[in-house]
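Database features (TrEMBL):
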- 1-32: region 'Disordered' (REGION)
- 1-707: domain 'Myosin motor' (DOMAIN)
- GLY59, ARG60, SER61, GLY62, SER63, GLY64, LYS65, THR66: ATP binding site (BINDING)
- 674-707: region 'Disordered' (REGION)
- 696-707: compositional bias 'Low complexity' (COMPBIAS)
Amino acid sequence: MFFPLRRGASCPDRRGGSRPQVPRGRRAGLPPPHVCSLAQGAYWAMLGQRRDQAIVPLGRSGSGKTATCQQALEHLVGFAGSVDGRLSAEKIRAMFTVLRAFGSVSGGHPGGSTRFSMIASLDFGASGRVAAAHLQTLLLESVRVAQQPEGESNFLVFSQMLAGLDLDLRTELFLHQMAESNAFGMGFWTKAEEKQKAAAAFTQLQAAMATLGILASEQKAIWRVLAAIYHLGAAGACKVGRKQFMRFEWANQAAAVLGCDYEELSGAVFKHHLRHIIEQVTSGRGPKMTGVECVEGIASGLYEELFGVIVSLINRSLTSDHLAVASISVVDTAGFQNPRHQKKERAATFEELCHNYVHERLRALFYERTFVSTLDRFKEENIKVHFELPEECPAPTVAAVDRNAMQWRVPVGAAAEEARGLFWLLDEEAQVEGSSESVVLDRLCAAFGQKGPDSAGEGPAAVRRCEQAGQMELNHQLGRDPVRYDLSGWLRKARPNLSAQNAGRLLQQSHREEVRSLFLPRSQLPVPCRSLSGLDVRSAQALRRIGCVRKTFASSFAAVRGRSVCAQIKLQADALVSVIRRAQVHFVHRLVPRADVAGPEGRHPPPSEAAAGPGDLLVDVPVLRAQLAGAQVLDALRLHRTGYPDHMGFPQFRRQFQVLAPLFVKNLPSASEGIDEGKVTGRPEAGALAGKGGRAAKSSRSSGGRY
């Protein structure tokens, strides 16, 4: 478990003063020792087992998960080396610079917070060198372009571009004169220092894009889409009367920047396809979209298409034709979100629920791999261990969000709809005319608001109705860190936005050659897979890795629910977990030593003001206890000490030690045919091995996780 420190801060000592950040004997600029150990452990496990590895950091938002992923990738590239020198640590840093600009926001934490999930993989050849890399992203919070919670910003790239563009390009994109007001909150800085920092960050962004081989024409097309989104925010929409732009001159500039006519832009935003209009009139499903929702939808759709192109350009720079035998992936998610951590009084939003849901899914995977699978393996091998399976698990919280009635047995006398989770309740009520969020809350509390006879554990209920109208509390982190959510407007967010679906067609039919050529390849992707990025790859290892993703989205369920917003979120989380399941997972628990005390502008006090004395450790014990209990770190350590944490299967044992018994190996089938370990366990020479403290597995340098 790692404790993050702010950049430039030194580790305090119990006796007062501070000790240096860099240990003795190490050069400055290298990754921290624990990150090096983590990366090298995964690397040696991959070489010894010829099995894919995955590094999955878990923890609160702002705990340093992205920094851990970047440092691990840089260390692996520098430690193992590249086959042809195509991939370097400089490209890894450039990749994270671009992703930080297009996928991070500022406000709650210093340095920005990630608002998407990614899987960055390094493919290794038979020699142990890096052959290629691949990036895959999902769960992008694209609605952030038009809607930002109080105290948080838009994506960083907008402020960087508006502050750092040169005069000629600014004039060409109609950005030489800023709008007095913008519906998306762009183009405003409270201090001159913020604008200077944004301009410097834009220079670094351009240098990083050049390092990744992104051409000048491609960069210009990217700035055009960003400028069009800014102009759409300045144009706005009429809130009463006919659905149209409020300021036509800004809408004309948005159309000119995108390379289309004003009629084409207005039709894509407000006049949707005739078939959809007929469906709305005949079925009478819910209220019609407002003009503001149409403008917000086209803006979020444009940014989602742009983000997918950015990922494709990064993959173009990282891929190669060299053969690979295994890979090491790092998984970076948005982390656990709770406004209470930043001393904010507001309730959490729908987008924060989606990020917390993904975090709970990863917690459930940790519970399964650490406790369930380990105890099942002990039972199969007839090994007695004095350890009981923890009763508390993330399953009730996950079920309250995504449980489907078709997958669960309903108690006798209970209604079928009571078994559905929040996602499916929103999906159903969004199609009912006259429904409201209070109906969703009533149905959810009726199903999960009280412990049923078949509920596991003795903990509190997963959902609790709050005193505030239309708000609920969901028990995250095993109930140690509940989050209050405000359901206002969630039914509208659960409905598909037709304007967002027209964004791709608008870009692919642009009159600008640089824009059309950049976005036209995305037309080949299936409609349900548009929310994911990084599927357009050609290497064999990457194709095997994303095969489960395509299988998830190509299922019959995905085909039926292709236009459901909640189903898209559920499928993306399923795809993320399915990719991780294929590998041996190394979990990393990032712990925050104390709660952030942020001011009204998101500023954090210096350590000298936050600490009572120079020798204090700046540790909030209740906050630390809640994280340890919610992550079940102590239970995992107890099982690690009581049981047999390391094990070696027969195929791996044979591959490493068959040279010691050549006569015995002749009587066994070939290693490539696959041996049933259950049939071999009866033989003393070939039984499944388990050693106290890892006696059988020390030679393989493998480990199942990091705590």
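Placed from the backbone N, Cα and C atoms, the Cβ positions cover glycine too.
Values in this document were obtained by computation on a predicted structure and should not be read as measured data.
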Handout entry: Other CB atoms within 10 A, centred on LYS65 (ATP binding site)
Key = 25
Problem - Other CB atoms within 10 A, centred on GLY64 (ATP binding site) - result: 23
Completion exercise
Counting every protein chain shown, other Cβ atoms within 10 Å of the Cβ of ARG60 (ATP binding site) number 25
Completion exercise
On the domain 'Myosin motor' (1-707), the mean of the pLDDT values is 82
Handout entry: Nonlocal residues around THR66 (ATP binding site), in sequence order (Cβ under 8 Å, 6 or more apart)
Key = PHE96, ARG100, THR114, ASP332
Exercise for the section: Measure from the Cβ of SER63 (ATP binding site) and count the other Cβ atoms within 10 Å, all protein chains considered. Expected result: 23
